[in-house]
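Per TrEMBL, the features are:
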type	residues	note
DOMAIN	A:121-236	domain 'Na+/H+ antiporter MnhB subunit-related protein'
TRANSMEM	A:7-25	transmembrane segment
TRANSMEM	A:89-108	transmembrane segment
TRANSMEM	A:120-141	transmembrane segment
TRANSMEM	A:147-167	transmembrane segment
TRANSMEM	A:179-203	transmembrane segment
TRANSMEM	A:215-234	transmembrane segment
Amino acid sequence: MRDERSLFINIVALLILSVIGFYIYKVSMDTGKGIKITDNITPQMRVADRFMNKNVIKEESKYVWGGTAENTSANIVTSVVVDYRLFDTTLEVIVLFVTILGFGFVIPKDKRKIIKPTTILNRWAPILMILMLMIGGYMFVNGHLSPGGGFPAGAIISTAVLIGVLAGRKTLSQKTLKIIEAVAGISIFSLGIASFVITGNFFQNFILNDRIGDLFSAGLIPIFYGLIAFKVAAELSNIYFEFYEEC
Amino acid sequence: MVNRVYYLGLIIAFIMAFGSLWALLTDDLFKAIVVFGIVSLSSSVMFLLMQAPDVAITEAAIGSGITTALFIFTYKKLEDRKDER
Amino acid sequence: MAQLFILSSISLLFIGLFGVLTRKNIVKILIALNIMETGINLLLVAFGYVENGIVPILTSNESIMNLTKMVDPVPQALVLTSIVIGLGTTAFSLALAIRYRYNHNSLSIRASEEEEGVNI
Amino acid sequence: MNSIVFLIVIPLIAAFLSLFLGKNDKILAYIVTLFNIIFSILILFSGKIPFNVAIGGWRAPYGINYAVTDLTIFFLVLVNVAALLALTSVREIMEYQFYSFYFVLLSSTNGIVLTGDLFNFFLFIELSTFAVAGLISYKRDRLSTGAALKYLILSSTASIFSLAAIGLIYKTLGTLNFADIANKVNNLNEASLSLILILYISSLLVELKIFPFNMWVVKAYEASKTSVNLFIHGMLGTAGIYGVLRILLMVFSKETGKLTLSGNLSSILMLFAFVTVIIGEIGALTEKNMKKILAFSSMAQLGIVLFGISLGSFDALKGVLYIVISNYLAKFVMFLTVNEFSKVSGSTNYLDMKGLGRRYPVLAISFTISALSLMGIPFFAGFWGKISIIGNAVFSGKLELIGAVLILIASVIEGVYYLRISHTFFSQGHEREGRISRVYCLLPMILALVILFIGINPDSFENIISILLDEIKSPEKYIKLILSLK
């Protein structure tokens, strides 16, 4: 009885999938006129062209390495994430905030006891933590020059807290984490409002006239990435504390 | 040179496809979680082949590392509950 | 190369969808959902891929000359967002799953119907 | 008018502040909601509509933009007023998480209505999904956990589809801006367009409670508090209707000035709407639990709305707007009434509410008025909607004719179960101890009077609707507004 039912569900699912697959195949083979899904379109035919040439405001502007532009982040993905589409990123931070809030709200409060750690873990934990903090810090400070950025940096910093938890060392309390989270979140939006007061536009990068490729370039981007990193780290560390009892 | 990269991509694509099928069809929950972690990690290599190092780092840290850790914590918590009964 | 990327990501998408539709264990469903999310992220980045493209990061003056060879940065930016959303979904639904297990003493998605005595 | 972004930023800051305020959260919630209402009404009367705001100073197709037009401001006021009305039904002290979720829901529904960017729209929908899932699971008991889990899994599956659609749009048209897409959509292949649309709409259909995505509705309504039901109905549902209107009719419409969904898609949507109406009406007929009945009924009403949209004519659209407003008001009256009655009778089964209508005639009469409006009895608000949808559908084609007959049958079924409930309210019952304060009777009465006013005097509302229809008729104005901005 049970097996027959699961077999039936499997067959129905395969049918649905094959219908969708057939539909996608048909669409990709369709020879109507107009742009097709299978057409080969390069970034130069999309909005990305302006992002890469950094000429959204002035059409004919050009830039060189070490010069200034409307956006001075050397990593173009970062410039899209934290400047051209900054509002998306702030909303993403809110998504993480809401889900972690819901996580802490819903999860049952019987926490695991930490088994007494071995000497090796206990000894090496501070060194590992400092290493993790350094890598995370490097990542968000250099987010506008090299791959990386606030989100992985936050994740790496939070692993430092995780190691602390597993090694049974007292690092942070949940109350502190909550305060870090709220302060970082509020300051992201206050920076947005500050830019409204200064320039008249929300979430504008109002520190200008620096050079592409410098460590201190890209205006507000490193600041935003730093705030995001601390917020993400605080939120993810909160998850570990929900699972494990603090020592 | 291009060929070698292509074969690497092919191998990773097979690993991902078989890994995800295995993760879904196996009965052992813990095995499924670990295999899912492998799938996620190999997808980050795939991102690297697609010239997207930013995404690769984020996927490796968040998609592969922390998501898998969350699954394992959940598994442990559910195991604890089983012991009580 | 682009074809390989698109095909592999679509296969992941379909395998994940199959899992979401057929699995009964909630944690399994969440794993399937995550596989789907990985697939969609790969698909989005694959849409921005250019044959023999280079990384969209400026390292010197020559890379500014090579802007036309760069892969599309916008899908990568979107995927950065969608990865974090995936983490959020997973975290929230795992917490709900734990609570569900405590309430129903079962991880089956149809647990409430089974308890009510509906004959399946 | 760059300050329009405050409508979204202020609730988000309040969401962070609510972590620390404890019992004062309720006051903060009222302050923020009132701020949103007053701000949106100020914009309505500022005389600067329509205008466009580029966030961060990046102009329209490149950055994210917020466009405020007549349609936007209409739904903006509806959403914010719904938030205030629903907030009045929060009586007991809630934990701070409730208010955090509420603030995020408020800001995300405002954002859904305001935004002019595809990916931003998707993010706001995700945000509202998480907030609603948190609100549904607020009770943390058996029912609510399961309901929230199912809702979360369903909507995240649907959101993955819409993410695929966003990717396809970006691959083919190379842009994410609504106006730019509407500008370029004529170049797109017919088959590709329908694939993209069907993938993208899936996440909206979850919000609209349409057939393949509606198994979450009944359990979620049953498991959650009345205020949460009102949040889902008034804020999320209204914003979802706005999304469908904007995306189906203005962004992805192939011919300007004419409503043409591509042929297959409109019949698919119609079939979905039929099944939704059938499920809703039959489900409501067999249920005894008032909350479940209202959930099924709102499902059926939204099915009618989708049917009207997929008809593809402007007269039907007029009817759709009437049904939207009538359903919006009527469900508020019904949920508030049921909330009060169930507190007195101690259960949500309507058979236990016998005789309450005699003691509290104001509430029961308001309930009956809104039921009559939902059924489409002449000279109630819903009548003008149903008459123009049916009148349009009868002469359009075979499938449309079936739809018209189905709506008529549905009205009869609605009549059966709603009048059964009203009859139960007014029949002889035994005495009870609980009392309902007069203050709580006031709000349903006012809303019922509004329904009556619109029904008797539809010309007053007709003016607003004709302004909205003018905007939908000419998407090129929207395109011009956004793309010409420096």
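In case you wondered, yes, glycine gets a Cβ from its N, Cα and C as well.
Bear in mind that TrEMBL entries carry predicted annotations, made automatically and left uncurated.
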**Item:** Number of helical, extended and coil residues in the domain 'Na+/H+ antiporter MnhB subunit-related protein' (A:121-236), per DSSP
**Value:** 80 helix, 0 strand, 36 coil
**Prompt:** Among A:7-25, A:89-108, A:120-141, A:179-203, A:215-234, which stretch has the most Cβ pairs under 8 Å to the transmembrane segment (A:147-167)?
**Reply:** A:120-141
**Asked** Counting only pairs at least 6 apart in sequence, do the transmembrane segment (A:120-141) and the transmembrane segment (A:215-234) share 3+ Cβ pairs under 8 Å?
**Response** yes
**For the transmembrane segment (A:89-108), distant same-chain residues with Cβ under 8 A (at least six beyond the ends)** = 81-82, 181, 185, 188-189, 192, 203, 224, 228, 231-232, 235-236, 238-239, 242
**Intrachain neighbours beyond the transmembrane segment (A:215-234), with Cβ under 8 angstroms and 6 or more residues off its ends** = 71-74, 78-79, 82-83, 86, 89, 93, 96-97, 136, 139-145, 149-151, 153-155, 157-158, 161, 177-178, 180-181, 184-185, 187-188, 191, 195, 205-208
